[in-house]
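Colleague: After the C-alpha cells below, expect a handful of questions from me.
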Amino acid sequence: MGRYSVSPVPKCLLLMFLGWSGLKYYEVNAAQLREYHIAAQLEDWDYNPQPEELSRLSESDLTFKKIVYREYELDFKQEKPRDELSGLLGPTLRGEVGDILIIYFKNFATQPVSIHPQSAVYNKWSEGSSYSDGTSDVERLDDAVPPGQSFKYVWNITAEIGPKKADPPCLTYAYYSHVNMVRDFNSGLIGALLICKEGSLNANGSQKFFNREYVLMFSVFDESKNWYRKPSLQYTINGFANGTLPDVQACAYDHISWHLIGMSSSPEIFSVHFNGQTLEQNHYKVSTINLVGGASVTANMSVSRTGKWLISSLVAKHLQAGMYGYLNIKDCGNPDTLTRKLSFRELRRIMNWEYFIAAEEITWDYAPEIPSSVDRRYKAQYLDNFSNFIGKKYKKAVFRQYKDSNFTKPTYAIWPKERGILGPVIRAKVRDTISIVFKNLASRPYSIYVHGVSVSKDAEGAIYPSDPKENITHGKAVEPGQVYTYKWTVLDTDEPTVKDSECITKLYHSAVDMTRDIASGLIGPLLVCKHKALSVKGVQNKADVEQHAVFAVFDENKSWYLEDNIKKYCSNPSTVKKDDPKFYKSNVMYTLNGYASDRTEVLGFHQSEVVEWHLTSVGTVDEIVPVHLSGHTFLSKGKHQDILNLFPMSGESATVTMDNLGTWLLSSWGSCEMSNGMRLRFLDANYDDEDEGNEEEEEDDGDIFADIFIPPEVVKKKEKDPVNFVSDPESDKIAKELGLLDDEDNQEESHNVQTEDDEEQLMIATMLGFRSFKGSVAEEELNLTALALEEDAHASDPRIDSNSARNPDDIAGRYLRTINRGNKRRYYIAAEEVLWDYSPIGKSQVRSRAAKTTFKKAIFRSYLDDTFQTPSTGGEYEKHLGILGPIIRAEVDDVIEVQFRNLASRPYSLHAHGLLYEKSSEGRSYDDKSPELFKKDDAIMPNGTYTYVWQVPPRSGPTDNTEKCKSWAYYSGVNPEKDIHSGLIGPILICQKGMIDKYNRTIDIREFVLFFMVFDEEKSWYFPKSDKSTRAEKLIGVQSRHTFPAINGIPYQLQGLTMYKDENVHWHLLNMGGPKDIHVVNFHGQTFTEEGREDNQLGVLPLLPGTFASIKMKPSKIGTWLLETEVGENQERGMQALFTVIDKDCKLPMGLASGIIQDSQISASGHVGYWEPKLARLNNTGKYNAWSIIKKEHEHPWIQIDLQRQVVITGIQTQGAMQLLKHLYTVEYFFTYSKDGQNWITFKGRHSETQMHFEGNSDGTTVKENHIDPPIIARYIRLHPTKFHNRPTFRIELLGCEVEGCSVPLGMESGAIKNSEITASSYKKTWWSSWEPSLARLNLKGRTNAWQPKVNNKDQWLQIDLQHLTKITSIITQGATSMTTSMYVKTFSIHYTDDNSTWKPYLDVRTSMEKVFTGNINSDGHVKHFFKPPILSRFIRIIPKTWNQYIALRIELFGCEVF
C-alpha cells in the first residue's frame, strides 16, 4: 500500500503539478525537446533610441513603459543575451515537425499575462487563452498567469501542422498574450514562432538552407491602449521608429530567409518593400510583400548588389511616420552563385531596350468627359470647382516618351486617352538590359525608380529619408534640364517563377520624395517577363490583348504644385484654408489611369479574346483597393475570382477570357470615392472587323498607333533605319562582365536585324486593343479607346428579341441546351425587413449597457414556392447562418433560377459573384447601354417580383478534384455598400458534380459559412439621420456607437458550429466589407489548408475585402474552441465565436437503460394505465415495461427526458413493447429539444421540410437506432409519435456524450485496459470462484463478475493503471449478485497519483476535505459521478467507505488521453 500525503497544498500549485507531472511520458516519442525559459517583464522602451552620448543629455519623449517577453537561463536569474535587431520582439521560438516545445514561463510584470501560439498542437492547459470553453480550473491556469507566478506550456509540432510540400522550410507565426489582446499587444507582448520541416534546422536552431534569417515585425503600437497608458501612436519595425532599426547585415550572394510579422490592434495593412531587391513568396516573384496586421509571411531573397538599401512599408502614412530601416549588403568576397552561365544560343535572345523618357509639366483633366450617370454628390465634391475648390483640372508632372535623345519628337502627337496619366509601358524579359535616358523637363528635381528588378545604387533613382543633401547623387535627383541614364539588367533572380504569369506587373515612379512625386503624377507601368514571353517586337506571346489599369489615389494636397493649382483654379485663392477638411478631401482624387470618373467611351474587346490585365495600386491610399470585374472572372495565381485585392504600391497580373457579351464594369469595390472614381466600362462584343484586310490603306496610321505602345527601338527606326535587338559587341561585353557568356560560346558576334513592315505594325496595334484605324491621325488619337463604340452594344446580340417579353425559363433552357449536362435549380428568395438584435453582448466592459443594439434591417429569406406564403424554416444546418440569406447551392454546369420578391419598403435586387449571366440578370445599375428590357433587374420595386437566371460554368466551381465546393456571394446591388450594411447578403456554393443530394445539401462533408463583417448601422438605409455620429466625433476618430464587429451578424455567440473529431470540415469564409475591413481568421487548437491549395499550410487566414475563401480542416482536438479575428479591437468587440469538436465515438448510452437517468427525469403528456413514462427504458422488462398512451384526435402526445445538464445527443434508440401477444410500437416520430425547457426547437436535419420524421419500429421488441446529424446540444429531449401500431409506445435510449468532450470510456468494459493493469488491496478466492480485480468491469456477465476484497473493511481499494497521464472526467459504479446476495458499494472515495507512491485524495471543492461519493442502491444499476475538476493522473484508486452485505465493484472510467 502506497504512502499517502494529505497535507494542505495551495490549490494553484497542486493543479499545476497535476497538469505537468506526466510530461515524461511524452518525451519518448519526441524528435527533440526544445526548452525555453521565458519571462514577461517590465521595460522602459525608447522607440527612437539615441546614441549613448546624446541619450545622456536629454530624455526621449518616446520612452514608454512596456511588458515584453525575454529569454532567461534555467533559474530565471540571468537574462540571456539577445540580438539588438530583435528590439521589442520576444525570443524567436523554433521547432521542427516531431519536436515538442516546452516553455517555462514566469510573469515578472504587474498584470496577468499568458503565451498563446498562432499555430501548434496544444491541450486546453497550454492554450494561453481565456474564454468560456467549459474547462475546469486545472485547465485554466494557462489562461492568465498572475504576477509572480510560473507556468509550463507544452506545444507539439506534428506533421499535420508542419509545412507542406510546397511551403518554405520554415513557416512564420506569432505568439502573444491572449488575456486582453488589445492591451497585451500594445504593451509589447509578442514574439515569433517558426515551425519548420523535419531536418531543416541546425543544432543551434538556425536554418540549414539559408545563409541568414531575419524576423521583422511591422507594427503600429497605440500607447493609449497599453496597460500603462500614455497617448501616442508609433509606427515601427521591431519596435524601432524613425529609421532607428539597427542595420540588417548581409553579404553579396547571400540567400536570406525573411520572416515578416504584421501587428496592430486595429485593421492595418503593410506593403513591405526592399529597395533594389526582389523576393520570392509562395513560389511567386514579388517586389512588395503584402502583409496585414495579425498575420505573418515567409519569403526569401538572393542578394547581389552591394550598398545600403531601404526597408520600408510603402503605405504613405507609414513612410511619413518613420517605419523604415536599412539592409546593408557588403562584398564579403563570396563567389557569385546566383548567375547562371548561358550558351551562345541563349545569349542571342538577350535584348537591349532603350527608352527616352522625360518628366514634363502639364494641365491634367481628371474628368474630360463627365457622363450624366455620375453621382451628383461625388461630382460636387471632386469634379466641380464651386465653393472655392480646385475642381478637376490640376497642374501635374507626367512621364512622356520620346523617339530619341533629342527629346523633340514624342512617340505620339496627342496624348492618348487610353493610357491616361501613365508613363510609357516598360517591358523586359529576364537577362535583357534596359536603358532609360531620362530628361527632366519639369521645374524641380525628379528621378525614375523601378520596382521588381535588382538594380545597382547608381541606377536606383531614390532618395532615402535619412540621406544628407551632400550624398544625393545625380541619379537620385535629376535637376531641371538635366539628363541621366538609368541602366540595369534583369537578373535570373528577378525572373518570374513557374507559377507566375508570363509577365508580372510592376511599376516605376519618381522617388526624390516618393509621396509628393507620385501625388504630382509621375508613375508608369513596368512588366518583367519570362525569357520566352515577349516577341522581338516586345509583345506578349500568349495574350491576345494586353491591358493596363492603374488604380491611383492622387493626394493633390501633397503635390509639388498645390499652390499653383490654388492660384489658377480657385475662385478666391487668398481665402483658401488648406487644412479645411472639405477642401482637403476635394483634392484627394481616386482614379483609374488618372481618370476620376467614368468616361463616355467604352473599352472594347472581341468575344473569346484572352486579355492579360496588369493591375496596380499606386498613391497615398492607406487601404486595400478591391477591383471588381463584372460578368467575367480574373484568373490569377491559378484561381478564378472576380475581385482582386491590390495593396498599395503593388500589382497583379490576371487573365480574363472575354466570354460574356455586353457592356460591363471594371471598378473598385468599397467606398463611394473608390467606386465612383476608379471605374471603366468595357465591351465584350461579337462582331466582324469590317476593316480586315485593308492594312495597305491604313499603313501610315497603323505605324503611328503602333508607335504608341511598342518598344522604343521599334519606334525609333523604320525600314530605312533598322533596329538591332540582340547581341552586339557591347552587349557581349556586358554579358561577359556579368558572367552570362560561356567562354567557349563567345566566338562570334551576331546581329539579328529585323525590319518592321506595316503589317507587323498593325498586328501589334491590334493586339493592344486597336481594332481599326479610320480618318485623320488627329481624329484617331482623340479616340484611342479600343472599340469606343457609340452604337448599341446589344444590336447584334442574337439572344434579344425586342418584340418578345423576357422568359427566364427560355434563358435557362438555352443555357442547358448549350451545356447538355446540367440541372436547373430553382430558389424562391424574398427581401424582408426585420428587427435585428446584436445583443447579448458578451463583454459588458466593451460597450455601454445603454448602447442601442436593436436595429431595423433587411434580410434575404427563403420560401417554399412562388406564392411566398410559406417560409422555408432553417434547421440545424442553417442555425449558424445568422443574418445571412439562404445558401444557394449548385453544381458545375447547372443553371440557377432565383425568383426574387421584394417584400421590403425600398428597391432591392440580386447580384451574384462568380457566375455567368446575361445583362438581364446582373442586378446592378450602371450605364451599360442595355435596352430597357435588360434593365428591369437593376432594382426591383417594393412588392415586385423578378426572376434572375445564372449559369454555372466550370470556372465558377472547384479547380481540382481535391476541392469539393467553392464559395461566392450574392447581395442586393442597388447600392452595394448600403444594401449590405442593411443586411442583404447571402452565400453561393458551387460544387463538383454529384456533390449535392436530393435535399439540396452537400454529400458527406460538414460545411459552415462564416461572414466576417463590421456592420456600420450608419451606412444602413434604415438608420435615422438624427442618430448619426457627429462630424466632430468622426474627425477625432471616436469609435462609432453604431458599429458591430460580428460573424454572421452575431457578436460573440454564434451558434451551431458543432463537428466531429477527424472529420472533413469545410469552412466558407466571406468578407464583403469596405477597403479597411481586414480580418485575420484564427481557429484555436486547429490548423487548416485552403481548398485547391492543399500544398500550403495555414495557421491563420487573412480575409481581405471581397474575398471568398474555402478552407478545409480536420479537427484534431476535442473540446470547445475559439474562432476569432486576430484584429484585436474587432475581436474584443464581438468578432469571435465558439466551435465544438465532438469525439467521433460520441454515441454512449446516456443512462435510460442503466438507470443513471432517474425516474423523476422522465415525463410525458400523459399515459395509459400503468404504462408510465418512467418505464420507457430500453430493454426494460416486466408486465408493464414501456411508456404508452392512447392518442386522441387533435392531441399530440410526447415523452420528455430531462438530462439535467446540456449534453451532446447523436442518436436515439427506440423499442416498442408487448401487451400479452399484442405488439405496441411507434412507426414514425419526430423530436424537439431545448436548453431551458421553455424554448423548443424541432429537429430538421437534412430534410427540406419543417421537421425530420424518423423511422420507428416494426414490432414490439426490435431496437431501431436513428443517427442524429448534425449532433445537437440540449438538456431536454421530447419524442413526438406521429404514426403507430395499436398505441404510441416507447422504450428509449439516448446516445451521446458530454459537451466538454473527454468523456469516452477508458476501457474497463471493453477490455482495452488489460487485466494486469487492474490491481487491488486483496481479493476473495474460494475453491469454486475467484473475485479478482480484473473482473471489476462494468456489465461483466458470469457467476463471478466483479471484484470482491478478501476482507470487508475501509482499507480495501481497487486500482487502475492507465499507463500514461490521463484526464479522468467521470466514473460509473455497479455492484454484483452472488447466489441471492445483493452486494454493492454505497459510498466511496477516490485517490490518485502519477508515481504510484504519493497518493492524493480527491477533494470536495466546497470544503477542501476528502470527497465521499454516493454509490449504488442495488446490485445491477449504474451510478455515474462527474469529476469537476477532472483528475489528471496515471493511477486511480476507488476506496469503498460503506457497502451492502459485501464490497463488490464493477466500474467504468471516462476521460481521454492528455497528450
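Glycine is no exception: its Cβ is also placed from the backbone N, Cα and C atoms.
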Colleague: From the disulfide entries in Swiss-Prot, identify which of C1146, C1302 pairs with C1297.
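Modeller: Checking Swiss-Prot, the candidate bonded to C1297 through a disulfide is C1146.
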Colleague: So which range, 739-758, 919-938, gets flagged region 'Disordered' in Swiss-Prot?
Modeller: 739-758
Colleague: Taking C170 as one end of a disulfide recorded in Swiss-Prot, give the other end from among C196, C251.
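Modeller: That would be C196, the partner Swiss-Prot lists for C170.
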Colleague: Closest to N156 (N-linked glycosylation site): which of the glycosylation sites N204, N242, N1396, going by Cα position?
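Modeller: Smallest Cα separation from N156 (N-linked glycosylation site) among N204, N242, N1396: N204.
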Colleague: Taking every protein chain shown into account, which of the glycosylation sites N242, N943, N1000, N1179 has the largest tally of Cβ atoms within 10 Å of its Cβ?
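Modeller: The largest 10 Å Cβ neighbour count belongs to N242.
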Colleague: Which of N156, N204, N300, N406 (the glycosylation sites) has the most other Cβ atoms within 10 Å?
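Modeller: When each Cβ's neighbours within 10 Å are tallied, N156 tops the list.
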Colleague: DSSP says what for the domain 'Plastocyanin-like 4' (539-685): how many helix, strand, coil residues?
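Modeller: Counts, helix then strand then coil: 26 helix, 69 strand, 52 coil.
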Colleague: Given a 10 Å Cβ-Cβ cut-off, pick out the one of the glycosylation sites N385, N1396 that has the most other Cβ atoms nearby.
Modeller: N385
Colleague: What's the CA to CA span in angstrom from N300 (N-linked glycosylation site) over to N1000 (N-linked glycosylation site)?
Modeller: 46
Colleague: Taking only the Cα atoms, work out how far N1179 (N-linked glycosylation site) lies from N1000 (N-linked glycosylation site), in Å, as a whole number.
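Modeller: That separation, Cα to Cα, works out to 38 Å.
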Colleague: According to DSSP, collapsed to three classes, what secondary structure does N300 (N-linked glycosylation site) have?
Modeller: strand
